[in-house]
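Before any comments, here is the structure.
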Amino acid sequence: MIEIIQEYWKSLLWTDGYRFTGVAITLWLLISSVVMGGLLAVILAVGRVSSNKFIRFPIWLFTYIFRGTPLYVQLLVFYSGMYTLEIVKGTDLLNAFFRSGLNCTVLALTLNTCAYTTEIFAGAIRSVPHGEIEAARAYGFSSFKMYRCIILPSALRIALPAYSNEVILMLHSTALAFTATVPDLLKIARDINSATYQPFTAFGIAAVLYLLISYVLISLFRRAERRWLQHVSSK
């Protein structure tokens with residue numbers, strides 16, 4: 001084990017000398033997909049609870065598709081399937097985008113977490129106390145101001161425990177990136193196993209690194225919950 005760590009620690013953590021690899025790529029996949037998916041989910045969640053069915057139905061359909069199909073299949077569709085379409089081949093921008101395994105992986109992860117996060121946020125919006133909404137209306141708040149100042153801040157706090165679980169699940173989901181030849185942590189562990197024929201050591205090291213990242217994320221979310229949900233836990 002010591003020999004493997006000494007030889008491959010840079011590849012496992014951040015680079016193989018030619019490109020970013022290992023933990024660095026895993027964190028990039030996680031952060032980029034969670035940030036983009038989360039921002040998009042806030043907008044979609046507002047539409048998800050809309051009384052207008054022409055707004056609500058397309059968003060429901062989007063979340064149904066991406067929550068109802070395996071992420072692995074979604075990644076294969078983007079990485080292996082999209083590039084076979086004539087419209088993609090004939091468009092320089094799309095052609096360049098879908099030829100990149102990293103781009104396809106980020107896209108699949110972003111849309112997948114967006115679908116789950118949309119439902120989490122929509123449920124939290126429905127859970128905002130009705131009294132807060134009535135008070136905002138009594139003060140003459142517009143719908144936009146009411147969402148910005150009252151509903152969304154309360155909903156995001158309510159959603160925090162469920163959202164923390166989604167982020168941890170997304171960390172685990174980044175392990176599928178090797179399918180698109182992205183040199184994430186699991187891909188480097190597989191390469192180490194191929195070079196050394198020591199699967200227990202190679203994948204064991206990867207498991208420890210995933211556990212460490214999970215521990216840091218859980219600690220950060222627990223601290224956030226203690227800060228922003230203190231009024232809930234004290235009741």
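One-based numbering along the chain as shown.
Any Cβ shown, glycine's included, is placed from N, Cα and C.
Swiss-Prot annotations:
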type     : residues : note
TOPO_DOM : 1-26     : topological domain 'Periplasmic'
DOMAIN   : 23-221   : domain 'ABC transmembrane type-1'
TRANSMEM : 27-47    : transmembrane segment
TOPO_DOM : 48-58    : topological domain 'Cytoplasmic'
TRANSMEM : 59-79    : transmembrane segment
TOPO_DOM : 80-104   : topological domain 'Periplasmic'
TRANSMEM : 105-125  : transmembrane segment
TOPO_DOM : 126-157  : topological domain 'Cytoplasmic'
TRANSMEM : 158-178  : transmembrane segment
TOPO_DOM : 179-199  : topological domain 'Periplasmic'
TRANSMEM : 200-220  : transmembrane segment
TOPO_DOM : 221-235  : topological domain 'Cytoplasmic'
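Listed stretches 27-47, 105-125, 158-178, 200-220 were compared with the transmembrane segment (59-79); the greatest number of C-beta pairs under 8 angstroms is found for 105-125. Secondary structure counts, DSSP: the topological domain 'Periplasmic' (179-199) has 15 helix, 1 strand, 5 coil. Sequence-distant contacts of the transmembrane segment (200-220), counting only residues of its own chain at least 6 positions beyond either end whose CB sits under 8 Å from a CB of the stretch, comprise 1, 4-5, 12, 22-23, 26-27, 164, 167-168, 171-172, 175, 185-186, 188-190, 192-193.
For the topological domain 'Cytoplasmic' (126-157), the number of residues in each DSSP class (helix H, G, I; strand E, B; coil) is 25 helix, 0 strand, 7 coil. Counted with DSSP, the topological domain 'Periplasmic' (1-26) comes out as 17 helix, 2 strand, 7 coil. Residues 4, 8, 11-12, 16, 19-23, 25-26, 29, 72, 75-76, 79, 101-102, 104-105, 205-206, 209-210 of the same chain lie 6 or more positions beyond the ends of the topological domain 'Periplasmic' (179-199) yet place their CB under 8 Å from a CB of it.
Note: the topological domain 'Cytoplasmic' (48-58) comprises 7 helix, 0 strand, 4 coil (DSSP; helix = H, G, I, strand = E, B).
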